[in-house]
């Protein structure tokens, strides 16, 4: 079995970093439609996400903004990947992670692949479901913190988001360790 892992929200200034781990059940017929989540339109991501969830074993993990501020975004991203894999509770022959760093995962073989979210189907799938999951989370947070337009910026440091912070201050879910904050 091959497990693909990716994270989303690394460059955000609001909320958690979120990771997903994916193992396909068999060989689904939609694999040729997969791509890096950043290259797909929202409707396509959501469509593929539902197919991925139906045809895979998967797990999500979030690492909070408080933890990000304590251990830094790099270590928080690796921790989210580690937790997502551990939550799967399936021993894999091969674990492939997006990027150049390897989280602390106990597996027979683990490999980091730069641009893996554009190359490896399992990582592409993890990228897609992680992005859809985090976007939904930001839509929910937008109901609590409407001043920051999280439904539009998804927690990223857009011009409007930065202006809202200047005008209203930061919330308890903003990452205080980031330069702009």
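Note that Cβ sites are derived from N, Cα and C of the backbone, with glycine treated the same way.
Noted in Swiss-Prot for the protein shown:
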type: BINDING; residues: 6, 7, 98; note: divalent metal cation binding site
type: DOMAIN; residues: 1-181; note: domain 'RNase H type-2'
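Long-range Cβ contacts of residue 98 (divalent metal cation binding site) within its own chain (separation 6+, distance under 8 Å): 4, 5, 6, 7, 112, 113, 115, 116, 117, 123, 126, 127. Note on the domain 'RNase H type-2' (1-181): mean pLDDT across this stretch is 96.
Taking the mean position of the Cβ atoms of 6, 7, 98 as the divalent metal cation site, the remaining same-chain residues with a Cβ inside 8 Å of that point are 5, 8, 19, 20, 77, 81, 97, 99, 116, 117, 123, 126, 127, 130. Cβ neighbour count for residue 7 (divalent metal cation binding site): 29 (other Cβ atoms within 10 Å of its Cβ, all protein chains included). There are 32 other CB atoms within 10 A of the CB of residue 6 (divalent metal cation binding site), with all protein chains counted.
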